[in-house]
Amino acid sequence: MFSSQVIQQLQQHETPFYYYDLNLLQQTLNACHKAAQTYQYHVHYALKANFNLKVLEAVQATGFGADCVSGNEVKAAVAHGFDSGKIVFAGVGKSDKEINAALDVNIFCFNVESVQELLVINDLAAAKNKIARIAIRINPNVDAHTHHHITTGLEENKFGINTWQLDDVLFTLKDCSSLEFIGIHFHVGSQITDLDVFKQLCLRVNELQNWFEQKGLTIKVLNVGGGLGVDYYKPDTNTICDFNDYFKVYHDHLQVKTGQEVHFELGRALVAQCASLIARVLYVKNGQAKNFLVLDAGMTELIRPMLYQAHHEIENLSKQDVTAATVKYDVVGPICESTDCFRTDVPLPESHRGDLMALRTAGAYGEVMASGYNLRDRVESVYSQDAYAGNITLV
Ligand SMILES: *Cc1c(COP(=O)(O)O)cnc(C)c1O
């Protein structure tokens, strides 16, 4: 929900741009931080969800660690004040250069995704006379019940080490004197709204950690990843995730032994609701079967609908009269691709050239996936100046 004050502010900027409600971001971070502290859980923010400067500043100031998936993310985290002792580094294809960059700043842990990667990190660490802390990313074969393009924890996915390879892992670790094994890591997918998925994950983690301990290894860190979903359909009612409910699933089902730490890697749940993509209607095309609203933003600014059929609420901010006649539009972008369509048959007040449109819940995997295809301008960001005017129920 945008106040008329905010809409006035937005009107002054050239479109398209991302609008960030920094107040809402801070409230979301605070809610998560508070809930995590109840259980003394460690939270690392997944930078890939959004590495906008202001977002990173707020996340870092709240005290979270960083979850990185590239060498440049590791560098960005350090540059923005994240404690390198709170940085974890995952990724199925870490290059030697990226591993070296992470070794140079002494990150907390590499989440290792193959047996071969263990050997490479061991060699690179040895060459620097360092000991690299590692956790094994295990593929727990838990179905995240989310879109198949954002499922990561099944045996058919490229991520993690499958359980039948764990003997090989232990065998390899014995020879890796420059590695310190500290624990196990999981991440089963993204936009998970069914909390039972996390319960199933806990049950698998319990089995697997017992297996490791039976083999004589001590597990200090249980890293259960992220994936908590947000409500893309009701951004104004379910604005801040129920982090208490989320962490409580782990509290109730995860067996945490004395001296163990539980780590999380949240991305989307922390940043999705704090930003909208703001665009203007360039053209209205009325057809016989279809009406099109052609916006000045497209898949180059927000690719989620085209990449994984993601839903974003779309609002016409210039037409606040709720009694206006409703028309169904296909809301499309200007890019020369047929897939450049945000949504079809969207009921909206009758819209006109120049109207200001908001695509909501665009804070996660939005701006960071922008591209220069069609030689488009880099998408700008605009930040809230005023306090958040909507209704937020803090959990
Ligand atoms: C992307 C990613 C996350 C964050 O996922 P969200 O769904 O945004 O919470 C966490 N861990 C790893 C390893 C990831 O790749």
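In case you wondered, yes, glycine gets a Cβ from its N, Cα and C as well.
Just so you know, TrEMBL annotations are computer predictions that nobody has curated.
Predicted, not measured: the structure shown is a model, and the values here were computed from it.
TrEMBL lists Arg268, Arg304, Tyr308, Glu337 as substrate-binding residues, and of the candidates Tyr233, Tyr246, Tyr365 the one it assigns to that same site is Tyr365. Residues Glu265, Leu266, Gly267, Arg268, Tyr365 are given by TrEMBL as pyridoxal 5'-phosphate binders; from Gly189, Gly216, Gly227, that same site also lists Gly227. With respect to ligand 1, the recorded positions Gly227, Glu265, Leu266, Gly267, Arg268, Cys336 contribute Gly227, Glu265, Leu266, Gly267, Arg268 as residues with a C-beta closer than 6 angstroms to one of its atoms, given in sequence order. The maximum pairwise C-alpha distance among Arg268, Arg304, Tyr308, Glu337, Tyr365, the residues recorded as binding substrate, is 27 Å.
Counting every protein chain shown, the Cβ of Lys48 (N6-(pyridoxal phosphate)lysine) has 18 other Cβ atoms within 10 Å.
Here the Cβ of Gly227 (pyridoxal 5'-phosphate binding site) has 30 other Cβ atoms within 10 Å, regardless of which shown protein chain they belong to. Spatial neighbours are here defined as Cα atoms within 10 angstroms of one another, and by that definition Lys48 (N6-(pyridoxal phosphate)lysine) has no neighbours among the binding-site residues Gly227, Arg304, Tyr308. If you take the CA of Tyr365 (pyridoxal 5'-phosphate binding site) and look 10 A around it, you hit none of the recorded positions from Tyr308, Cys336, Glu337. Across the fold, the C-alpha of Gly267 (pyridoxal 5'-phosphate binding site) and the C-alpha of Tyr308 (substrate binding site) stand 17 Å from each other.
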